[in-house]
Amino acid sequence: MSSVKKSQDVEEQNGPNYGTVDVKVGTQQDLLDLQDLDPAFNQKMRLVNDAIDEIGWTPYHLKLFFLNGFGYAVDSMILLFQSIIAAQSFREFGEKGYANAMTIAAYVGMLTGALFWGFGADIIGRKYAFNITLFLCAVSCIIAGGMPNWPSLGFFVALLSFGAGGNLVMDTAVFLEYLPSNKQWLLTLMACWWGFGQAIAGFIAWGFMVPERWNCVDVETCTRGNNMGWRYVMFTGGALVFFLSLLRVTVIRLRETPKYLLGVGKEEELIETFQYLATKYNRTYSLTLQDLAACGTITSAHSKNRFSISETMIHIRGLFSTKKMTISTASIFLSWTLIGLAYPLFYVFLPSYLASRGAVFNRSKFEIWRNYALTNISGIPGPVVAGFMCNTKLGRKYTMVIGALISMAFFFAYTSVKTSVQDITFTCLIAFCINIYYGTLYAYTPEVLPSAHRATGSAIAVACNRVMGIVSAVVATEANTDTPAPLNQTPWYQSSKADTPLHTSESTLQNDKVNSLGKHIISSVMSEKSISRSRRNSPKRSLASSSSISDTKRRKSEHVKKFTEMALDDVEQIFQKSRDRLNEAEELYQEAEKARTEKLETYMDATKAMKGAHQALSSAMIRKANATKDVARLEMIKDAREAIQKRDDLQSQVDKQKKELLAVETKLLMWENIANMAVENLKEDDLEHLFQFQG
């Protein structure tokens with residue numbers, strides 16, 4: 001008897017456990033098996049699980065691991081692409097509109113994609129959604145790179161996120177529904193592809209967002225021609241996703257998952273799928289169509305009309321059909337909701353954090369994007385570690401607890417970072433730890449959801465995550481992620497701190513002159529407010545408060561009486577003085593405004609002059625470098641000419657010596673010939689006489 005059946009027997013003996021659900025590695029137990037909602041479905045699901053275990057791990061599963069992992073990578077890339085390109089594209093389009101609109105567009109697209117494809121996958125099947133979503137991402141990503149304005153870019157970012165959001169739901173559902181029970185830990189390990197996607201996005205950004213020729217600096221001078229970096233990011237990412245989408249239809253011909261086929265009653269096609277795997281990979285299985293028929297008819301999985309609201313409601317109600325399932329489903333949705341706020345506030349706005357801290361730590365753009373790539377790489381080992389932790393006594397639940405607690409500790413520690421080394425260290429540690437939690441959550445969610453409603457449950461869970469992603473964009477906007485200060489410092493605090501020195505520096509003298517008028521106005525307003533509060537709360541005040549109110553009224557009545565007894569000329573004189581003071585204050589304000597405008601113009605002129613000086617300096621340095629090169633080139637030519645002259649002189653000397661040597665050789669040859677001729681002409685007697693003479 002399989003481990004699934006053993007756990008079922010234990011459940012029947014001990015009664016249902018209404019605590020949270022933990023999934024043990026080495027079992028493949030549908031949550032509906034623990035509830036007696038549909039006995040026929042329960043029995044058939046156990047038979048299908050046993051057949052999957054009999055066939056075991058095959059190359060088909062290995063291909064699924066890589067192809068589904070590509071979907072994980074694409075989802076993380078898409079989420080980071082919009083945060084990478086947001087600042088530069090916003091600058092190119094004149095910084096008109098909502099700065100964090102791309103984040104909202106991405107999460108709206110992922111929200112609708114998760115719901116649409118998730119609900120649809122439980123109705124039309126996993127196969128079509130699995131193949132279409134990645135292709136939709138690729139096309140939309142490439143088109144987004146060519147958009148001419150901010151709204152159209154936001155539309156296609158939302159569209160490519162629509163495909164990515166559905167693709168993520170399909171990856172886990174398809175892989176899990178083919179996976180043998182002893183390999184379920186691979187579902188956690190598959191989340192490492194999420195880290196690979198982040199790393200790829202980081203390296204693409206590092207390559208295209210650093211060169212100045214592709215990334216403009218000022219809004220006034222920013223055009224498409226000098227700001228192509230973010231477009232190259234989208235083109236490169238879209239081409240990569242398109243290649244991966246082609247692999248999904250060429251490397252493997254995906255068949256509909258066995259558990260979906262069981263849920264919709266296509267039992268013959270289910271047996272054909274098992275037969276295909278067993279025949280191709282030389283495996284055996286014992287399940288037959290007669291075994292499934294003997295279990296009875298499934299009654300809980302679908303309505304009569306599959307394409308209807310009632311069909312969708314069946315899947316939603318199936319997630320809350322019992323108390324245990326309600327607790328489990330609610331816990332899953334809550335986990336996805338909370339991580340949906342924390343994760344994007346760190347990862348999606350990480351470029352802003354690194355840029356702001358780069359200004360504090362005096363980093364270059366190269367160092368900022370290098371650190372971004374290193375942080376993304378650090379997320380890859382997290383799911384790998386989580387996969388091994390899940391395979392121990394810790395299980396899924398305690399692995400998530402450990403990952404969440406460590407991540408929380410490093411998040412709090414990150415707010416006190418003081419040095420550049422601490423900054424990159426803590427961002428890498430956060431990326432590693434949060435992916436332990438996230439990777440386990442991705443695996444845990446489809447495992448504890450009932451298979452008949454798995455895609456719907458995953459879709460709602462991911463939708464909760466995406467809703468909080470939209471909220472994170474609003475939080476990040478209000479909290480001002482471009483400041484190096486922690487997010488718990490509110491914007492109004494920073495703005496007030498920033499505004500105070502500006503006013504004091506501009507018009508200290510003018511403020512001294514109008515100070516008396518300001519005090520008079522403030523005191524009048526405060527007096528009116530205190531009187532109105534006293535009137536509202538007088539029944540509840542103490543005796544001392546009543547006495548204070550009486551004194552205030554008495555003083556006010558005395559002022560009114562004194563004012564009414566004054567002559568008309570005196571009243572007119574007082575009003576005239578007030579008007580004079582008001583006119584004086586207005587003049588001072590106009591002078592201050594004029595001085596501010598002049599300072600601003602002076603600053604702009606100085607900025608232009610500085611830019612001109614920088615350009616002139618750059619030109620002079622280029623000319624100096626060219627002149628240095630020319631001087632070096634002339635010296636090389638001079639040295640070459642001197643060497644050629646020396647060579648010619650040596651050659652002349654060699655030629656002269658050759659001529660002298662030739663003359664000597666000619667003379668020697670001539671004398672040798674003369675000597676030979678003389679010897680031939682001598683007689684023998686002469687030779688004897690000569691020899692005697694020589695002797």
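The backbone N, Cα and C atoms fix where each Cβ goes, glycine too.
For 568-602 (among others), the entry in TrEMBL reads coiled coil.
Counting only same-chain residues 6+ beyond the ends of the coiled coil (640-667), none has a CB under 8 A from a CB of the stretch. Sequence annotations record features per position, and here TrEMBL assigns coiled coil to 640-667 (among others).
The domain 'Major facilitator superfamily (MFS) profile' annotation in TrEMBL covers 61-530.
The region 'Disordered' annotation in TrEMBL covers 1-22 (among others).
Annotation source TrEMBL lists region 'Disordered' at 485-510 (among others).
As annotated by TrEMBL, region 'Disordered' applies to 526-559 (among others).
Residues annotated as transmembrane segment in TrEMBL: 64-85 (among others). Non-local neighbours of the transmembrane segment (64-85) in the same chain are 102-103, 105-106, 110, 133-134, 137, 141, 157, 160-161, 164-165, 167-168, 170-172, 174-175, 178, 186, 190-198, 200-202, 205, 209, 230, 233-234, 237, 240-241, 244, 247-248, 251-252, 344, 347-351, 376; each lies 6+ residues outside the stretch with a CB under 8 Å from one of its CB atoms.
Remote same-chain partners of the transmembrane segment (97-116), defined as residues 6 or more beyond its termini with a Cβ less than 8 Å from a stretch Cβ, comprise 78-79, 82-83, 85-86, 89-90, 133, 150-151, 153-155, 157-169, 344, 348, 458-460, 462-463, 466-467, 469-470, 472-474, 476-477. According to TrEMBL, the transmembrane segment annotation covers 97-116 (among others).
Residues or ranges marked as transmembrane segment in TrEMBL: 128-147 (among others).
The annotation transmembrane segment is assigned in TrEMBL to 153-179 (among others).
The transmembrane segment annotation in TrEMBL covers 186-209 (among others). Residues 65, 68-77, 80-81, 84, 88, 171-172, 175-176, 179, 215, 229-230, 232-233, 236-237, 240, 347, 351, 365, 369-370, 372-377, 379-384, 386-387, 390, 396, 399, 431, 435, 438-440, 442-443, 446-447 of the same chain sit 6 or more residues outside the transmembrane segment (186-209) yet have a Cβ under 8 Å from a Cβ within it.
Look at TrEMBL and you will find 229-251 (among others) tagged as transmembrane segment.
The annotation transmembrane segment is assigned in TrEMBL to 327-350 (among others).
Among the features that TrEMBL reports, transmembrane segment is placed at 398-417 (among others). Tertiary neighbourhood of the transmembrane segment (398-417): same-chain residues 188, 335, 342, 346, 357, 382, 386, 389-390, 423, 426-427, 429-430, 433-438, 440-441, 444, 486-488, selected by CB-CB distance under 8 Å and a gap of 6+ residues from either end.
Here TrEMBL flags 424-444 (among others) as transmembrane segment.
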